[in-house]
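J.: Feature table excerpt (Swiss-Prot):
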type: DOMAIN; residues: 21-87; note: domain 'S1 motif 1'
type: DOMAIN; residues: 105-171; note: domain 'S1 motif 2'
type: DOMAIN; residues: 192-260; note: domain 'S1 motif 3'
type: DOMAIN; residues: 277-347; note: domain 'S1 motif 4'
type: DOMAIN; residues: 364-434; note: domain 'S1 motif 5'
type: DOMAIN; residues: 451-520; note: domain 'S1 motif 6'
Amino acid sequence: MSESFAELFEESLKSLDMQPGAIITGIVVDIDGDWVTVHAGLKSEGVIPVEQFYNEQGELTIKVGDEVHVALDAVEDGFGETKLSREKAKRAESWIVLEAAFAADEVVKGVINGKVKGGFTVDVNGIRAFLPGSLVDVRPVRDTTHLEGKELEFKVIKLDQKRNNVVVSRRSVLEAENSAEREALLESLQEGQQVKGIVKNLTDYGAFVDLGGVDGLLHITDMAWKRIKHPSEIVNVGDEIDVKVLKFDRERNRVSLGLKQLGEDPWVAIKARYPEGTRVMARVTNLTDYGCFAELEEGVEGLVHVSEMDWTNKNIHPSKVVQVGDEVEVQVLDIDEERRRISLGIKQCKSNPWEDFSSQFNKGDRISGTIKSITDFGIFIGLDGGIDGLVHLSDISWNEVGEEAVRRFKKGDELETVILSVDPERERISLGIKQLEDDPFSNYASLHEKGSIVRGTVKEVDAKGAVISLGDDIEGILKASEISRDRVEDARNVLKEGEEVEAKIISIDRKSRVISLSVKSKDVDDEKDAMKELRKQEVESAGPTTIGDLIRAQMENQG
């Protein structure tokens, strides 16, 4: 208690008479077990429970002969005894101190001891005061743990003893303390300057640092060169730290601070330390759905994309390959210094099954595998090393197409194929099933050239023409215009399914695998051949005389 408060209190005692509720002065005459006997100049001595004389540390604060202030509860309680209370006296003293502090705009000391709606409760010399949440500090504070249980200074901003209502402010004390210091600091603060500060508060995005009357924001991205999830990984409330002033807005009194800028930037000359293709050990620091981050050195992290984790499984979740804290070998794939990004690969440090396959097998080799899946565009075959090869729809059968071609296959079937091509860079292996056998179309075309006369059976017929089965799954096309020299409006009026026809091959398109037939052309050729044969027979049937006569007559005419 200050000297003025003590004088005020003593003066108040002089003006009191010995009525119940009065604060009087007594002498401790005995301390016996659970009771303290006090002589206050009344008819009888009063006894007070000894626990009213213990401090917060559990220590007895009086001894025999000490002068104490006590409250008079009753001059005689019916048994001829005087009832006194040290607690009520202490409470009265506290109210006098609060009233004096309120009137003089001076500070009082108290302890934050609880949370209530809208703020906190503060014990000020035994009086329960209310501290609004907005008046805890000069800026909003989410976490007050570091303030609770400590003796702090407050100003009384509202006081009503009758209603037992006391409101205090810590913010007013801080603003008063910081005013002069703040002005001096604002005058001297410069960008690039290194200063000391105390961490006041932590948020998800950074920490507020008290520089001495001025708060600065240390953003989470300026705490360390490495990736961190929360500021508490680097600093704690109450820490005294050195920081660098990155930006100072004098008009708005806003200060941006940096901690990592006090050390050397690890990204300087990063490409010289980690050339593309370098293999190093790295520590996994974080997992995401799209990959994992790995630390090459303090402050330098790279991303291993999920596609660079495994040669054969492109959609594997990173947690199936690595865990946070794992030490893994990685290869540097690319460094973007400007964007501070490093692309890393794990699979590049392992044997490439595509290159292994390419070195082991050649185009034309036969290889067996198990059908893993059947899609609209082909069949995927599982091969050794965990890789797949594709039999494209067009390489399943020489004659069947679409669903017809894949109908006889199912998942899990063991299948023999021919290697058509291997592209390790694009990670593609093309396989073929139909290439296990000779191409029946090519064989047929080599035996039946253009102009050949062939026999077949009508397989299908519509108005425009017919499909002719030539045997060995070879088909020919007979258009309506090629059925007869006479005009055919509807091929169905001339041909029937199952009917045998004889026709001439008028074209073979090896690329589209189409053989065009013509009965009309065959009939024309047959007629020409018949005419030649007829003329030949007529010449042979005429005798030598007849021939000589003809020659002679011709010579005569010429003459």
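Think of each number as a place in line: the chain as shown, counted from 1.
The backbone N, Cα and C atoms fix where each Cβ goes, glycine too.
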J.: Let me know the model's mean pLDDT on the domain 'S1 motif 6' (451-520).
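T.: Summing pLDDT over the domain 'S1 motif 6' (451-520) and dividing by its length gives 91.
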J.: Per DSSP, what is the residue tally for the domain 'S1 motif 5' (364-434) in helix, strand and coil?
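T.: Grouping H, G, I as helix and E, B as strand yields 9 helix, 35 strand, 27 coil.
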J.: Given the domain 'S1 motif 5' (364-434), which of the listed stretches 105-171, 277-347, 451-520 has the most Cβ pairs that are under 8 Å apart from it?
T.: 277-347
J.: Could you tell me how many residues in the domain 'S1 motif 6' (451-520) are helical, how many are strand and how many are coil under DSSP?
T.: 8 helix, 38 strand, 24 coil
